[in-house]
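Visitor: According to TrEMBL, the protein carries these features:
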| type | residues | note |
| --- | --- | --- |
| BINDING | H55, H57, H99, E101 | Fe cation binding site |
| DOMAIN | 44-116 | domain 'Pirin N-terminal' |
| DOMAIN | 172-283 | domain 'Pirin C-terminal' |
Amino acid sequence: MSDREVKESWQVAYQQDRFPFIQKGWVIPAERMKETDPFILMAEDWFKRGAFADHPHRGFQTVTYVLDGQLEHIDNSGGHTILEPGDMQYMNAGWAARHAEEAVGQGIAHTLQLWLNLPAALKKSETSYQNVYSEEAEVTSLPGGGKLKVFSGNIGGIKGPLEPLVSFTMGEVTLAQGETAEIDIPAGDFAFLYVVSGEVRAGSENPVDLTRASTALLDGPDLPADPEGKTHLRLEGLHRRTKVLVYAGEPLGEPIAAGGPFVMNTDAEIKEAFADFRSGKFGGSVNT
């Protein structure tokens, strides 16, 4: 069978933080990065301006989805944008990203940020950014009544507008109570989902009910594929207003060394990244 089932799930625990941070929850904790390969971590944050001021990155990609409020992004290559709810930004940190992610004015930004690993050969690639605004991702009505928006990858023949350096799948599924969705996931990919709102039943033979702020790791990626090289996930809405994000990516199977804002393959490379930042190789600071 090529149907994906929930292997493990948990409710995200939130912790209060000091100003300008408001609240944080670990959707995917960093300590599980070896089993969630290629995904390193995923955080849900509420924050005021000043929380994520000027800082560097190297060796991975970020995928930031705005849930509420406004998010201002500024980088030292001249990039500047303000993202609204439903918008997404992709960053390939590559060898030397330096940027700031800020709430706008006196508001509170509410975001999900996923860290997606890069293979060793691309960890020092050129830094790049791409925004996908909500209206740029096509909304498709599904046979079971739900709606699908694809930001990245290809789900059921619908291709997302994002063009990442390393391909991955990101889809947003919206369901009313009783509506269903069949989501294609590439065979061989590790996949997980996060319930943004409402309640959903995930899986076919052994379905699991998941409520708001639930993370579910799916089985695979060793499941047999269908003739098109896909596996399938069934979702059913259990609430009148349910939204689920589905992510999938091909495991890298490489050593991981993480230190602060850097993700490399060895501890020596982490030390090199800190030294390069201190010596100015990441370029000038970002003023907000």
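Using the three backbone atoms N, Cα and C, a Cβ is placed for every residue, glycine included.
Bear in mind that TrEMBL entries carry predicted annotations, made automatically and left uncurated.
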Visitor: Between the binding-site residues H55, H57, H99, where is the Cβ count within 10 Å the lowest?
Guide: H55
Visitor: Under 8 Å Cβ to Cβ from E101 (Fe cation binding site), same chain, six or more residues apart: give me those in sequence order, or none if nothing qualifies.
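Guide: Expected: F52, T64, L71, E72, H73, A109, T111.
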Visitor: By DSSP, what is the split of the domain 'Pirin N-terminal' (44-116) into helix, strand and coil residues?
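Guide: Output for the domain 'Pirin N-terminal' (44-116) reads 0 helix, 49 strand, 24 coil.
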Visitor: If the Fe cation site is taken as the center of the Cβ atoms of H55, H57, H99, E101, which further residues of that chain fall within 8 Å of it by their Cβ?
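Guide: Same chain, not in H55, H57, H99, E101, Cβ within 8 Å: F52, D54, P56, D75, M91, A97, R98, A100, P261, V286.
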